[in-house]
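Everything below concerns the one structure shown next.
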Amino acid sequence: MNPPSGPRVPPSPTQEPSCMATPAPPSWWDSSQSSISSLGRLPSISPTAPGTWAAAWVPLPTVDVPDHAHYTLGTVILLVGLTGMLGNLTVIYTFCRSRSLRTPANMFIINLAVSDFLMSFTQAPVFFTSSLYKQWLFGETGCEFYAFCGALFGISSMITLTAIALDRYLVITRPLATFGVASKRRAAFVLLGVWLYALAWSLPPFFGWSAYVPEGLLTSCSWDYMSFTPAVRAYTMLLCCFVFFLPLLIIIYCYIFIFRAIRETGRALQTFGACKGNGESLWQRQRLQSECKMAKIMLLVILLFVLSWAPYSAVALVAFAGYAHVLTPYMSSVPAVIAKASAIHNPIIYAITHPKYRVAIAQHLPCLGVLLGVSRRHSRPYPSYRSTHRSTLTSHTSNLSWISIRRRQESLGSESEVGWTHMEAAAVWGAAQQANGRSLYGQGLEDLEAKAPPRPQGHEAETPGKTKGLIPSQDPRM
């Protein structure tokens, strides 16, 4: 099935290829596009209605580029696909097996890994195979399905990242408004909305609004952003706005206020620690630093995803502006490969920077734990991993705000169901002070102790997690 050597030109009505019964080239490949083999420009391909592809199979057109260009792109996409499939499958397995990682907030990360895995699984093998033969091999239906999967899973990943940013924004900057909500149920509804939103933007090309067509080196498919028709241009602009730019603005807005809230809470804890003069504030600051690190990790994930899709969006906008004739096959294919490479960023980032993920890998996949350099003592399961939130919500009984939070949480369910982090609990504490009209900065030790209820006898010097003779992770109350 290899194409003949020498210059490749699209089949003409007067020259019948040996592999076809009736030489009827697709309607989107007309004589006006015959210069593609000499100029290396993209054809204007727009099968916007059923039946525009030939009824009998015909060889799709090729572009006049060196063979090694196809092989290079094919090799890159194969490596990207294998890395994306194995890496994201590892993330899914680890997060599902590790109890400490099965929190409502991490449901979004699992969904992101599922979306990235499906992106790699549906895109890389097809792209690689077509690159070996230097032309699209799977016909109209295969092209449409391939492009639909790329759009669906790419949009799902972008909107999932937006949902992560919004979720962190709400629980950190609006803790009282979200306190007590069934987080797992809420996360499930949000993820359902994410997939419905992605589906709503992926289906229109099947109904005549734009189309799914070959692109670049004509070994992969995407939505038609090259045609300069009102319908195609409208779809391209709306897709870029509501799938790329609007989510990007929401993410930027959320993380600006997230880091501002972290900074303000850190100052509040520092002031409180100066008033109390003990080790509690130091422990709280360490937890705050941990939350800040996790926020930075997610911000890095989002930035890499945006940078991966930015070149592809730029190419689409160039064509939208009417300059499709300046786009070469390379200028379309290379950004497409970069966009698909966004599926490999998350597993690599987690493996390098996410401490609990590294430990969970060492526990459930010891061979990978050795590769990541996780020590043997860190790979042993700890009792404290059964809930990542208990130590914070039970370690501050000397303060009435912490006791109120704990009592209310017990009435609502376990920490694993509520899904609060150290940062969120600290934010509730500060927000509760502000809601009562009191400034956290102006409260001294006397004010805080006056509010605290009497402690049980025999526990004046004890706090949960600091029971005599026990380290925090061994406290039976945790």
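Every residue, even glycine, has its Cβ placed from backbone N, Cα and C.
The shown structure was predicted, so the numbers you read here are calculated from the model rather than taken from an experiment.
Swiss-Prot assigns CYS221 and ARG267 to opposite sides of the membrane.
Of the listed segments 1-32, 353-384, Swiss-Prot assigns region 'Disordered' to 1-32. In Swiss-Prot, CYS143 is paired through a disulphide bond with CYS221, chosen from CYS96, CYS149, CYS221. Across the disulfide-bonded residues listed here (CYS143, CYS221), the residue whose Cβ sits among the most other Cβ atoms within 10 Å is CYS221. When Cβ atoms from all protein chains are considered, those within 10 Å of LYS340 (N6-(retinylidene)lysine) total 27, not counting its own. Summarised by DSSP class, the composition of the topological domain 'Extracellular' (129-144) is 11 helix, 0 strand, 5 coil.
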